[in-house]
Amino acid sequence: MCTATSSRTEGEDSILEEPLLNGDSGVSNVEFSNEKGVDTVSPYSNAGTFSCFTFSWVEPVIAAGTTKPLGLTDVPQLDSHDSVIGAFPKFKNRLESADSEENGVTSLKLVKSLFFSAWKDILWTALLSFTYTVALYVGSYLIDPFVQCLNRKKEFKAEGYLLVAAFFVAKLVECLSQRHRLFKLQQVGIRQTALLAAMIYNKGLTLSCQSKQSHTSGTIINFMIVDAERVGDFSWYMHDPWMVALQVALALLILYKALGLASIAAFVANVLVMLANIPLRKMLEKFQYKLMESKDTRMKTTYEILRNMRILKLQGWEMKFLSKIFGLRRVEEGWLKCFVYTNAMIDSVFLVAPTFVSAATFGACMFLGVPLVSGKILSAVATFRILQEPIYNLPGTISMIDQTKVSLDRIAAFLRLDDLQLDAIEKLPSGSSETAIEIADGNFSWDMSSPTATLKDINLKVSHGMSVAICGTVGSGKSSFLSCLLGELPKISGTLKLFGTTAYVAQSPWIQSGKIVDNILFGKEMDRDKYDKVLEACALKKDLEILSFGDQTVIGERGINLSGGQKHRIQIARALYHDADIYLFDDPFSTLDAHTRSHLLKEVLLNNLRSKTVIYVTNQVEFLPAADLILVMKGGRIVQAGKYNDILKSGTDFMELVDAHKKALLALDTVKACPVSERTTSEEGDIGTTNGIVQIEENQGNESGKVDDVGPKGQLVQEEEREKGEVGFSVYWKYITMAYEGALVRLILRALIVLQIYQIGSNYWMAWGSPMSADIKPPVRRFTLTIVYLALAITSVVCVLAISMLLGTAGYKTATLLFKKMHLCIFRAPMSFFDSTPSGRILNRASTDQSAVDMDIPYQVAAFAFSVIQLLGIIIVMSQAAWQIFIIFIPVVATCILYQQYYRSSARELLRLVGVCKALVIQNFAETISGATTIRSFDQEKRFQDTNMALTDSYSRPKFHVAGAMEWLFFRLDLLSSVTFAFFLFILISIPVGVIHP
């Protein structure tokens, strides 16, 4: 079950925490560092046989969680077999080899590649699933001979002990096979999710601009967080279709042995239950689709509102847009109501199915004259209970297959999208020619199907060290020209050669979340002298001196805590530090004040880059005389080329640009001119004057200073927080009493108790009313026995339906109230909250967490309550049957409680780590998509792919150990229950005849 492999070392160096509405959590960070524990490979990779069988390999993690809240550094690394870093190369090679055959990536090729990436584990889980299914029915088969043995204990006591041993071995095999089957399936699912996520991420880095136009960033992110997860989740269901067929076949064999031809009625009843589920499942799928559609609309609006929250706050429009969110939520709630009530009907069918099947079967026995003895009845009832789960799950499995196919189709279609043209640019080493850029007869177009090219008849040759300025009116093709040099603009014809490396400065700055120094270094090693020169050249030293943390200051989402000018200067510094051969600037100076522009012109273009090839787009006329060559563009063509003075004399197009610039300056003089004597010397640098003309300067002090508003020692961008420790009872109490002050919850509990009483009563009635053998006269007539059982069954149906409907109503109402309260808190929060909290964290609350409140938590709470009530019912029944069982039952229960207490703290923290690490993966992917052009221009694709895989492994690590910890607990609880069950049977065999009535 375990294989030994070499360990892998991984280090992460970012520390992020998540505040939302409560910034004072008093909890520590989720750390990604090289601290102790991070370099330790999971004990699972070299665990022995006994450790694997008992899941003891996960105990160090569980033990660590009992002494302190777990951090990511406490979670061992994944084995290379489970790590995406180790598994991805083989998966990628297999998929690409299949892709090269024909038709690109298809769903079938994806399935094959995923299968071969884990085929040994899949075959192993198939064997475990078969073993589990067979062992599951051994108990039902042995019930009848065991009851007969109890009836004649004096004669067959030795046989009784053998049956007890057989029961125990069957339960032990069932426990082992089930626990390892589920763990292996989760292991496969986690790995497959990570592989698909890495494939989608890599594709996002190579998509052509045309492909991006048909897929928004949100859609691409959904491929990773929804579709890839769904394919991974399917691992739970992959063996269910054939397991259901096997279970039904085994059940019919047992029923035929016990009841003869009446088993046909059981088969027909099972088919009817399955058929009843099909239309309900189809309705549920329809409502779920509509629910997700309305949720997507709400989330899209929420995202837009969060991005523009500053405008809403300034205009006082928060409540107006909040009402819009509430309106979209009301539409969503309509579909949610349909969903929960349909789901309630399906749950009713699930809970009622065993009773319905048993009633139909016993009715057939009465009609056919099949004798009903207690052993056969108990064997049949146990079989019906086992059949309950596959009957309920089969439609869901079919639905999951359909959903997984849809996700695979979506992912395959995405992977088939066109990439950037590999032959658009011919890249050559810098020293191979005196030329830096050469374009011959170049024609380029954003839309290859359009008859009109974006850039037409481009012929250009730029030598190394030249400075080339590109100017023109709006829409003339300036930015498109830079895009063609970057390989972003598809080439129709011609040749384009670049000699050397490139660095790109975008018109809209792309800033990563993280430290300022990391944004400047951008993967390069720190060279302090070079770094200081870059800061000086980009006028960043003053900004960094103002910040409490200097260049260690954490930049918020999209550089939200920086001014526009600071963001531009940071990306210029990034390009400058990269020390490339060719620099491409897309008008990054337009948002800077005149003084800063002058400084950058002198220090960057004329000093630091004087020996480099520089191509810059600009609308600033003062930058043009410094260029060795000026290109004037119009309608996608280069209409003029030459030095400043030459083209100023020779053409009208350039003259028009210069005249327009002069008129703009004259208008500014007219509106804002003031006497020199009234010159303002603002200490803060807000407004100053030069030669009597008001100069609007970049407010560097204030804009940088806003980072420090949180205090001298605090970052504006708060570290990502997560709750730690136990969830207080007050949280649960507040949840269950939120809707109608808990009135519905009280009704649900009473209905659950009544249901349990009726279920115990119906089983007791059948056991009491049936003789131990066919020779004994039954206490009641067969007709009376069946009618009373049917009446109890109908009452149970009513209880189940009432519970399901009440639960759906309570969950729906509570979700609605929580949604409104959360959004009121968010929209009433000050702007500083939105400055310090990335929108992804808020969106995670409004989407993932809200979905859990809508559809998961109510049923989990109800399942817990039902389990407790069921346990109490079992205790009461056992106390009546054989009170001696409490000799072992009480210590077993105490041991179970201790195990659960030991497990809970670690499992809780691991689950919280899963949520936090998932947010980091999503955030990194979203930033990568928006900055793909910059990443490609610096040839940083490999580094970003490695970072993504490291983050994905950091997300998979706690998921993997959650699965291991869960099976660790379940294995021990199942083992204890098996021991208790065997001891109970041992008592039944051992005590004298007449002490109990079995």
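A Cβ is built for glycine as well, from the same backbone N, Cα and C atoms used for every other residue.
Listed in TrEMBL:
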- 123-403: domain 'ABC transmembrane type-1' (DOMAIN)
- 437-660: domain 'ABC transporter' (DOMAIN)
- 751-990: domain 'ABC transmembrane type-1' (DOMAIN)
- 1-22: region 'Disordered' (REGION)
- 122-140: transmembrane segment (TRANSMEM)
- 261-280: transmembrane segment (TRANSMEM)
- 359-378: transmembrane segment (TRANSMEM)
- 787-812: transmembrane segment (TRANSMEM)
- 857-877: transmembrane segment (TRANSMEM)
- 883-902: transmembrane segment (TRANSMEM)
- 975-996: transmembrane segment (TRANSMEM)
Overall pLDDT of the domain 'ABC transporter' (437-660), taken as the mean: 87
Leading stretch by Cβ pairs under 8 Å, where the reference is the transmembrane segment (261-280) and the options are 122-140, 359-378, 857-877, 883-902: 359-378
Chain residues outside the transmembrane segment (857-877) and at least six past its termini with a C-beta under 8 angstroms from it: 732, 735-736, 748-749, 752-753, 756-757, 759-760, 764, 803, 807-808, 810-811, 814-815, 889
Folded-back contacts onto the transmembrane segment (359-378), same chain, C-beta under 8 angstroms, at least six residues removed: 143-148, 255, 258-266, 268-269, 384, 766-767, 770-774, 778, 782-783, 785-786, 789-790, 793, 998
